[in-house]
Every structure is written in structure tokens, then in C-alpha cells.
Amino acid sequence: MTRARRTILAVPGSSDRFIAKSRTQPVDAIFLDLEDAVAPPVKEASRQRIVEALNDPQGWQAPTVTYRVNDWSTPWTTMDIVEVVGGAGAKVDCIVLPKVTDADQVKALDLVLTQAEQAAGLPVGGIGLELQIEEARGLLHVAEIAAASARTETLVYGPGDWMASMGMKTLNVGSQPPGYVGDAFHHVQMSILVAARAHGLQAIDGPFVGIRDLEGFKTSASSSAALGYDGKWVLHPSQVEAGNDIFTPPAENVERARRIVGAYRDATAEAGGAVGAIVVDDEMVDGAGLAVARATLAKIGERA
């Protein structure tokens, strides 16, 4: 199953107010955070808050609901999995694992999650994984990370920790560092995208922290969308509409993709002459062009 993930709203698991506000946001997914947005003294209390929120019959407008555990270098990861899955696992679509540095960390999460599902009487494998690549070691092992578990649905680029691990000269997460004339994020974003596509996964861009800089958000989102990313984390309702729009293929592209698929299907059939290349809208279309058209339609959930 491929879920729409144009916009994924980050929600602090320690805040009843933000959890309540997130329920009606028109995003494709939300994640309730136990990691960076939750201070160490309230980690344990936030687990219970998330369990209660997940079990609340109000639910969410977002069709996909996930939560982020703490990374394996902390003392909280195992209980983040056991307590939330044990208390509300039936309401969890995926778990987000931050700061992934190698495949063994993914396998460890898969093992603990399997045991938690079994203990809770849930079907094994029903909860997916979203894996964050946030530092140099993770990028060096990104292909192995992508292949480590059949549960994995997405690879997520984490710009904040990535910028810190590289020592980039900026404090504005998601913004290009001043003084560099190119795109400082192109290599890491493309490497994550290639690994994701090679293993049949979605690629998700991380947040742009300037919540009042809508043009900056649009620039960041448009860049990753142009590469082929499927969506982006959002931190504030002000970013949602633009994010949904940017990661939705333009209507004219969708219509042209449908024309290409239909024309190619007719032309390659025996009745159509079984030709391998055709002309659509004054452009040559062969098997590669068909693949591009199908990829465009896949972004709106159409199989062609």
C-alpha cells in the first residue's frame, strides 16, 4: 500500500493543545513526536499522552497517523515502542525512527516492534516504518538501511541534524547556507531519493523551520518536489496549503500523462500496429516516456 504523504505535520507529544489542533488539519499524515519536540523530563508522561490521544474517538482528519520514537542512542527507544504499541497499536500506521545510522538499528526496531505487536494481539507487520537519514553515517549506509526491513515505507531526509553533522554555517534549518553558490543539499537529497526508489520506497523531505517565511518554504518544497520527492514535513498550519499544492502534480501534467498512457497502450497493441514509439503533443514517447507518465499518475494514486 502506498500512502499519500504530500504533507506530514509534526505534533509535539507533550502538548494537549497542539494534539487537539492537529486533528482537523488538512494534511496527508501527522506524527506525534516523542523525540526532539519533547523534553527529557516529560518523555514518559508524553507516551501516555500519545496513547490517550490515539485512543480518543475524535481521531484525525489526516488518513495516516504515526509517531516518532527516540533514537537508539537514548534510554527511551524500547519503551517508546512497547508502551505506545501496547496501549494503542491498532491506531498506529507507522513508527518514525530518527537518526538511523545503519541497518542493524532498523532490524532492532523491527524485532522489538514484532514482539510488541504479538504481545498486544496485533497482526505482525501491520505497523510500518519511516526512517530518518540525518547524519553522515546514515547517508553512507542508506542503501542497506532502505533494504533492512519489509516494514519500511519511507526514507525521510532530516535537514537539521544533517546540517549540524556537516558543520554548515547557518542556523536556519532547511535554508541554504550563505556563501555557497550551489545547492548544499542536492547530494544528500538525491542519495536518499535514489536509495528509496531502488527499494520501492517513498522519499520525504524534512522541515523548513521558518514558519512565517512562506516563500522560503515554497522554495525548499519546490526544489525537493522537482527532484521527485513525494512530500515534506510541515511544522505549522501556514505551510500546509502550499505543501499540498506543490506535491500535487499540476492538472495539465495529469491530463497529458493520461493521454500518453492511453495512446501508448493503443499503439503498442497488435491492433494498433504494435509500434514501440509514438508522438504525443509533438513529442516522441517511448517506453521511458511511458514510465515518466505512469510515475506522474502514481503520485495521485492512479495505476496505469
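Don't overthink the numbers, they just go from 1 along the chain as shown.
For all residues, glycine too, the Cβ spot is worked out from N, Cα and C.
The domain 'HpcH/HpaI aldolase/citrate lyase' feature in TrEMBL is assigned to 6-237.
Listed in sequence order, the residues of the same chain lying 6 or more apart from R68 (substrate binding site) and placing their CB within less than 8 Å of its CB are F31, L32, D33, L34, E35, I95, V96, L97, P98. Under DSSP, R68 (substrate binding site) is assigned to a strand (E or B) in the three-state scheme. Summarising the annotation, TrEMBL assigns substrate binding site to R68, E134.
D161 (Mg(2+) binding site) carries a helical DSSP state (H, G or I). The Mg(2+) binding site annotation in TrEMBL covers E134, D161.
Within its own chain, E134 (substrate binding site) has P98, K99, V100, Y157, G158, G160, D161, W162, S165 as residues 6 or more apart in sequence whose C-beta sits under 8 angstroms from its own. Averaged across the domain 'HpcH/HpaI aldolase/citrate lyase' (6-237), the predicted model reaches a pLDDT of 97.
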